[in-house]
């Protein structure tokens, strides 16, 4: 590989970024299965995440069937219901969103967007995927063990998580904790790769401030995840020991069914601190890549440079830092010193400032843009609207006095589904529609895409908007059946049935998406190297789909930032990052120079 | 949480210092050209080294979170820490020895003396193994006197924290073994890098152990610090 030279012009100095040695695959297995190519690993991550995410989608159907039509489905007993919500939550947050954004988009896009040949540690990167797959398999295994998966709720709060009243106490919880530990180990391997690649393997001219915002989002989120996941790891290991060895890290002295348990002296609140020290940054670990990707989608499909690029970068960094000092706003009802609550409410509300800056900048990017309302753009717009909606209810819940009555109601469910369920998923879809042509060389079916968008978008609102009202009525979350109460009127039950029907419809629309993914693989329109006429480096590869090593003989050299759309005087409405000078208008038109 | 906040403060400070040198205030939309003489220079240390430093930051976070959990539990009224086995002092000395040996291995590698590297690595690895053995003996001593993990959280924390540290050390031994195995064939520059990486990691393990040991053995040593940091919340 050493003969590979850098740069395009002879006037350029010798390579500053040393060429990396790529492991060359021999045969089918090392090309497609045990591949060390970040692009293949990214696709593997994405498929595994989508597969396990589909399981979680079906679980949400089952939950909604029970909530909308209580008593109709005899196989959904209270135990099963609790198991469904637990697995749905944990799979969606950790195994789908985190894995897809960082493992999927991160692996595919980081080397391509930075002009690198691959991740810096390809072997470790491969290992990261296989450990992730193992984590997923261990999690899936918990469906088949005696007692089934754990039903402790996705927060796994002790002591109930490992007491005998909770479903899955025997095996389910053990497998869940084990799977989380594996996931974290796997993620750490991948995460070190992403960070070091961003720091070290950028091509010439790619300064940090010329990186696309997608990379800024993924980079910052990865750093956060590397620092936040250890808290979950510690919590999971300690709870595992409580369950298996009978230690009492989190288990207080307990009497169960009139019997004194052997536990004593543990602190359940300690687990909550550890869990949410991970759990809140986790929200932004999912949100920051979404912020980044949506910025690129909007800029590309509105043909305008992103408004306030610097502010966008700073906001990402500030949000990342602030998200580490807000965790206890999940614990207002656990009882805490009022000053403590005041502190965490304040930091929580402060995060709204950089977040609002980002929203304004997206809007200003769209302002007077040449908006192409294609599927990626629709999903990007859907994200902005949904994220603002979910963010506004976050302001309610961030305040202690408002949170206390709303805690553990459907209002909370509606809030977090809007802000970190629907909104990031919108970006995932938008991102897949946007980059699918690069991955496969073919466009995703546009009509199917639009149908998919409108059903998903309107359906998600039909599901989660009314849920806020249910929450305000006081309808509790996590209940298998509400039954007869004085504060829940009959109409609320009708609303629940409506939500359930809509959930089935939205879920079914995802089948269309999966069909589109496979259908377009063969039948999609040929995309060409740069169908969106985008500026970033991944669209400038010599081959589509990009080959092993991404860049042919020479690495690209970057001459400009990632958002040169509609540059005045340029012939085209976009100037790729690796293009030295935009050809002036009259040259491009073939007119004679004066 | 004091320890966690201190570590994070440190990490944030490093990150800010680094970011401040990356031209975050530049206006990229006005620039054109490959920017060879710009304010931004690529990081000149090898990727493996940077990767190791990142990993050590993650491992440090893990250990400090454990210590935070430990110190939060410690403040509760029924805290009764186990006695500390004398053997831990000897183990500390052994680990210090390992660190010194690896330091000498680095020096030998820089001078290109493979034989000296080999013997220093053997010494370092042997001392590492001895340390692990010593930790196991310390466990046995504690368990023999009836201090079992299931007894109370203080005992459990002792076993947990030493296990975490021991597992990290085991990983270090694997890396050391791989370096030793490729000692004869590897090009000198590569050998130097491998030995340096091993040495950095062992110094980290030593520093971590000293911190852990002092927190475990002389708990609670930071009363004043905890009090200071907790004042606003009381």
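Here, residue 1 is simply the first one shown, and the rest follow in order.
From the backbone N, Cα and C atoms, a Cβ is placed for every residue, glycine too.
Bear in mind that TrEMBL entries carry predicted annotations, made automatically and left uncurated.
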Segment assigned the feature transmembrane segment in TrEMBL (from A:453-475, A:522-544, A:545-567): A:453-475
Of the residue ranges A:242-265, A:410-433, the one that TrEMBL records as transmembrane segment: A:410-433
Annotated range (TrEMBL: transmembrane segment) out of A:495-519, A:570-594: A:495-519
Segment proximity, the transmembrane segment (A:495-519) to the transmembrane segment (A:45-64), 3 or more C-beta pairs under 8 Å: yes
Stretch among A:173-196, A:216-241, A:311-333, A:339-357, A:453-475 sharing the most Cβ pairs under 8 Å with the transmembrane segment (A:495-519): A:453-475
Recorded stretch that, among A:122-145, A:173-196, A:339-357, A:453-475, has the most CB pairs under 8 Å to the transmembrane segment (A:216-241): A:173-196
Proximity of the transmembrane segment (A:84-110) to the transmembrane segment (A:173-196), 3+ C-beta pairs under 8 angstroms: yes
Segment-segment contact (the transmembrane segment (A:173-196); the transmembrane segment (A:122-145)) at 3 or more Cβ pairs under 8 Å: yes
Folded-back contacts onto the transmembrane segment (A:378-398), same chain, C-beta under 8 angstroms, at least six residues removed: 287, 290, 294, 297-298, 301, 329, 345, 348-349, 352, 355, 359, 362-363, 406, 411-412, 414-420, 422-424, 426-427, 429-430, 433, 450, 453, 456-457, 460, 468
Confidence summary (mean pLDDT) of the domain 'Cytochrome oxidase subunit I profile' (A:29-559): 93
Recorded stretches the transmembrane segment (A:339-357) and the transmembrane segment (A:453-475) touching, at least 3 CB pairs under 8 Å: no
Residue numbers, six or more beyond the limits of the transmembrane segment (A:122-145), whose CB comes under 8 Å of its CB atoms: 22-23, 34-38, 41, 44-45, 48, 52, 55, 87, 90-91, 95, 99, 103, 107, 168, 170-172, 175-176, 178-180, 182-183, 185-187, 189-190, 192-193
